[in-house]
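What TrEMBL annotates here:
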type: BINDING; residues: Ser63, Asn113, Glu157, Asn164, Tyr188, Tyr239, Val257; note: substrate binding site
Amino acid sequence: MDFQAVVDQVHQEVTPHIGEGKVADYIPELATVDPKQFGFAVATVDGTVHSAGDVRTPFAIESISKVFALALVLGKKDSGIWDRVHREPSGTPFNSLIQLELEQGIPRNPYINPGAIVVTDQLLTDSGDALAAMRALLRAETGDAELDVDSVTAASEARTGDRNRALAYLMASFGNMRNRVDDSLDHYFRQCSLAITCEQLAKAGLLVARHGVRADGGQLMEREDARHIIALMTTCGTYDAAGEFAYRIGLPCKSGVGGGILAVMPDQCAIAAWGPGLDVHGNSVTGAMALESFVRATGDTVF
Ligand SMILES: NC(=O)CC[C@H](N)C(=O)O
């Protein structure tokens with residue numbers, strides 16, 4: 001398939017819509033991002049990248065980091081993580097508290113905020129430094145030794161992170177946190193603030209598309225673990241819009257409020273779309289549009 005032609009077509013189709021949606025403003029630093037940006041990149045499993053638009057502009061990875069945190073935790077056998085987080089779609093917003101109390105502090109899945117905080121807490125226990133582990137992984141998979149946290153965004157997340165604190169302390173009250181709540185949250189806020197470009201995200205996503213095989217050929221996790229990560233992207237990766245994403249796009253996706261969406265076509269490619277304007281569920285408007293257009297052009301879905 002001529003992926004570059006497909007990527008160019010996607011870019012052309014989305015261009016009239018660039019700027020649509022609303023940038024996240026509950027994290028003040030994200031509100032300063034120019035909404036009139038858009039990038040689209042496809043990395044095929046052989047490592048080739050095709051891209052168009054603003055594909056070398058860094059943006060905050062936000063909740064897409066949850067995929068990589070889970071990969072690192074699953075890469076270590078017997079972490080016991082599935083005793084601490086379930087695997088069902090929540091049908092609620094990513095930072096909702098309601099279900100968490102009703103379900104005794106066990107989050108519905110690892111891709112909503114409480115689930116991701118538990119995963120980061122586990123990674124902190126396993127590695128001694130969750131942020132360092134994730135940054136090292138992303139540096140290795142993207143080939144960019146400079147990839148790092150945007151400290152202004154991280155400070156902004158921490159300053160306005162009361163909802164995440166409430167989630168974490170509620171879980172602690174049920175005995176579902178292993179480290180000091182503030183320590184785990186510090187790693188969580190910084191992992192969300194890692195700055196990544198669209199091209200880099202597509203490359204890093206190959207880790208998932210290749211079922212755990214790293215850029216250097218090593219195996220981060222077992223093939224079955226990667227299959228689980230992909231399944232959860234389909235059912236929970238875009239929160240209370242996961243059903244709509246499966247219907248419209250038909251690819252496993254993980255979104256973040258920085259406007260990025262990572263999608264994978266297992267054993268074929270990883271696709272990254274970025275547009276800062278979000279819909280009411282916190283998913284990128286142009287990112288979703290781009291993925292829809294990509295699937296229309298290729299005819300490839302997992303269904
Ligand atoms: N959906 C998201 O990207 C949420 C991540 C964001 N850092 C938060 O914790 O609220």
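Just so you know, glycine gets a Cβ as well, placed from its N, Cα and C.
Those TrEMBL annotations? Automatic predictions, nothing curated.
Among the binding-site residues Ser63, Asn113, Tyr239, Val257, residues whose Cβ is positioned under 6 Å from ligand 1 are identified as Ser63, Asn113, Val257.
Over all protein chains present, the Cβ of Asn164 (substrate binding site) has 21 other Cβ atoms lying within 10 Å. Counting only same-chain residues six or more apart in sequence, the Cβ atoms lying under 8 angstroms from the Cβ of Asn113 (substrate binding site) belong to Ser63, Phe94, Asn95, Arg163, Asn164, Leu167.
Sequence-distant neighbours of Glu157 (substrate binding site) (same chain, 6+ residues apart, CB-CB distance under 8 A): Ile27, Glu29, Phe189, Cys192, Ser193. Residue with the densest Cβ environment among the binding-site residues Tyr188, Tyr239: Tyr188, by other Cβ atoms within 10 Å.
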